[in-house]
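Peer 1: Sharing a structure with you now.
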Ligand SMILES: Nc1ncnc2c1ncn2[C@@H]1O[C@H](COP(=O)(O)OP(=O)(O)O)[C@@H](O)[C@H]1O
Ligand SMILES: [Mg+2]
């Protein structure tokens, strides 16, 4: 045993420290770069294809750099491509998506915050049951609610409209946002609410002045989560809207599917990029807070 | 400043009865300590006084006015919590003035009140910090500042010192006492620490299982505990409770403690009302002797006790001697270096302070 140790030592020391570290780094970064490259491949193909003229795509490879760079495909995707019979590009549908996603994210996050606040700080008999049922909602598959929801929207007079879509996303999103906020608020001491009550604050004043300011991280988490879910949603969009009221994702699908003649790969790719940019931006701007918020159980007063 | 009356107050959670007919009444400027082990319902009672818990039965009156149905903000109270409960996103100044803002106190007046409180508590230099940048003791002061600016009729403290380390706890205890002397406001203070109760209170309510065992001034609670439970809970080391019996002869009572293989120990001249004397003559009782009621005696004196010392625990100021008496372990607090372990000694008892308890009900015999 002692012998073996004695033998190992010189060998270990024979390698200079720096070299050993560099070798270790190589082992780590090599596979990491390979994985990153693999995952970035589709993005690469999309970017270069969207910048190529159609002829070049049909004559050359998908992967190579473009010989002539042109933004024609992007322009076409944004304002000229035909969706059904209308040749308006994605522009109006992009606007639809914004009109849908902004109120839906704000409403579902707001309601989730109030729900979480009530479920933790103003507990009532049966609060656990309500929370349990809400959790159940998180596991409901989208498909299960399509028909009842269509009927509900019809009765509410919201069928086929953007407000109808907002309603669907809010209803579906509350389960998740309530879960986020409830789990966050559980870690805030109840004495905080009691102190505020003694100070004379009421239900909304406590929520607004004491509870909400502590919950920035979880608000960011909720907003990112909801934004990504709602922006990327296709099923609800295609099920509950039609024609000019469709969100971005549905229009994108129509652009890609409806082309007659030669398939316009560059326009398809540009359109897909346009559809993906907002979520990318949200992650780049707020991603830091997202990670921080997910680990925010340990927030100390 | 005001009186507080808690009149046959009850609290139930479903079938669980947490408080059973609690009645406590204190006067203006009193410092009431609710003392009891964890889970006995102290916080529940305090929260009911504050209006943070519903009252299941009975009445709470502050300054003679029934407050059962009033919300906390209308009861003219201020409260300091165990976790301090400072608003984490607000600065110290904002924390202190939050309540005043809600009540619509004008900014100039608010500022003056904050300065006065901060001055009193020596936290002026902390006003712009966040709670997370403060030490435990500083947070404690801020929490008190928040209560002081309210200028309430009644201060409520829920174990305010239990999160501090031992040294700071003693300092803050003195500080709270000074604050009470300065402001003169009526205080209700919850603790499970009997030393806090003894040092701070003008009135102590000892609680157990949702029942008040005794409500008295601290010295009375210490000298004449209402029952064996209180006797053992208050004081450290706790009161020795020794089984024995009473002999009455010509109007004078003697406590007799049987010893296994020696002559019984007799403590003559016990104070006993004639009524109690006739009731307990010749009967078994529990004899309560605090450790400091023992002293080193000489063998000839009447009522001298010869014992074998088991263990000696020097504390510096004095020495605790542990020995067997009447079949139970007994502790005596003696001057240092007077007795040795595993040696015999002769002790005397300050008989004027000996108390007796009924062996069945464990209540004090008067
Ligand atoms: N919301 C509640 N539901 C049921 N039981 C409770 C509730 N709050 C407190 N209790 C019970 O009431 C008793 C007294 O609690 P508490 O007043 O906090 O005790 P203390 O402050 O003396 O430690 C405990 O046994 C506790 O379990
Ligand atoms: Mg408590």
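Note that Cβ sites are derived from N, Cα and C of the backbone, with glycine treated the same way.
Copying in the features that TrEMBL gives for the protein in this structure:
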TRANSMEM  A:26-47  transmembrane segment
DOMAIN    A:94-286  domain 'ABC transmembrane type-1'
TRANSMEM  A:98-118  transmembrane segment
TRANSMEM  A:130-150  transmembrane segment
TRANSMEM  A:162-185  transmembrane segment
TRANSMEM  A:206-227  transmembrane segment
TRANSMEM  A:269-291  transmembrane segment
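Quick one: how deep are these features, and who are their neighbours?
Peer 2: Residues 101, 104-105, 108-109, 112-114, 117, 121, 169, 173, 176-177, 180-181, 184-185, 188, 192-193, 196-197, 278-279, 282-283, 286-287, 289-290, 292-294, 296, 299, 301 of the same chain lie 6+ residues outside the transmembrane segment (A:206-227) yet bring a C-beta within less than 8 angstroms of a C-beta in it.
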Peer 1: Are the transmembrane segment (A:269-291) and the transmembrane segment (A:130-150) close, by which I mean at least 3 Cβ pairs under 8 Å that are 6+ residues apart in sequence?
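Peer 2: Contact absent: fewer than 3 Cβ pairs fall under 8 Å.
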Peer 1: Quickly jot the same-chain residues contacting the transmembrane segment (A:162-185) by Cβ under 8 Å, restricted to those at least six beyond its ends, or write none.
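Peer 2: Same-chain contacts beyond the ends: 96, 99-100, 103-104, 107-109, 111-113, 115-117, 119-121, 131, 134-138, 140, 142, 145, 149, 153, 156, 211, 215, 217-218, 221-222, 225-226, 229-230, 233, 236-237, 240-241, 245, 247, 296-297.
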